Ligand SMILES: Nc1nc2c(ncn2[C@@H]2O[C@H](COP(=O)(O)OP(=O)(O)O)[C@@H](O)[C@H]2O)c(=O)[nH]1
Ligand SMILES: [Mg+2]
């Protein structure tokens, strides 16, 4: 299997990110709680080594509650601040405020010791595509509609959002690319929608997805959702969904693309339940 995916504007965006990094003291790294390994490029650790880090395990509402706890503990053990977050639920904003305040505490203390009392903390959001960066920024921006405007020494047009606790957040996220180390990683990104569906062969990926669900002991979620039998081979599951739903071309041939679209829509919207595809043990 081969996922061909190379964004042409990669270098330009990376340069911009590097430039913006110089302006901030906190990096808020958004990752997808369903794929905490695959959505977190190991290069980030080098890129952000001099910055205070807050890891946002976003979309935790779609992920497995037990594994959410395990991942939270894992990243905390690395010495980073961590928060489980749902960017689509404004009721959770305070949780994010608290996490950012907690992450910036040390920096505030350092400023205080140097007599810098009203210095704002500057933060930026980074992450790979589709983890929820824009949703997160928009929810913060909507609440605090007051933008602080251009700041001296900052590239013209750059906007900052003033958060509680004297924190300024850059309103444009830093986009990073996932690392396609192996097929497993690329598949996880495809399953969750981090790679645009146009560039992957959805029919092929849906079979891999079924295999993954079998491996995770989560195949029952699919069988129950579509009220089907498992059959003998993973492919039988796709066939059985098609028969059940009447997804047939010319009344005989199975419309695998339609099956794949249904399956991924349901998985990505949490309709197959709370599923996390990766466990902390995989990193040891
Ligand atoms: N269920 C759920 N969906 C989310 C969450 N955050 C973002 N999304 C959805 O994920 C998709 C990608 O979000 P977006 O903000 O565009 O990601 P970006 O590419 O990182 O800016 C959108 O459909 C969002 O509505 C979350 O915490 N929970
Ligand atoms: Mg975005």
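Note that Cβ sites are derived from N, Cα and C of the backbone, with glycine treated the same way.
Because TrEMBL annotations are produced automatically, they should be read as predictions rather than curated entries.
The domain 'CP-type G' feature in TrEMBL is assigned to 11-178.
Annotated GTP binding site per TrEMBL: 58, 59, 60, 61, 86, 87, 130, 131, 132, 133, 134, 135, 174, in sequence order. Long-range C-beta contacts of residue 130 (GTP binding site), restricted to its own chain and to partners at least six residues apart, with a cutoff below 8 Å, comprise 32, 192, 193, 194.
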Secondary-structure category, per DSSP, in which residue 58 (GTP binding site) falls: strand
Among 58, 60, 130, 132, 134, 174, the binding-site residues whose C-beta sits under 6 Å from ligand 2: 134
Surrounding CB atoms that lie within 10 Å of the CB of residue 132 (GTP binding site), all protein chains: 23
Winner by Cβ contact number (other Cβ atoms within 10 Å) across the binding-site residues 86, 134: 86
Count of other CB atoms lying within 10 Å of the CB belonging to residue 174 (GTP binding site): 25
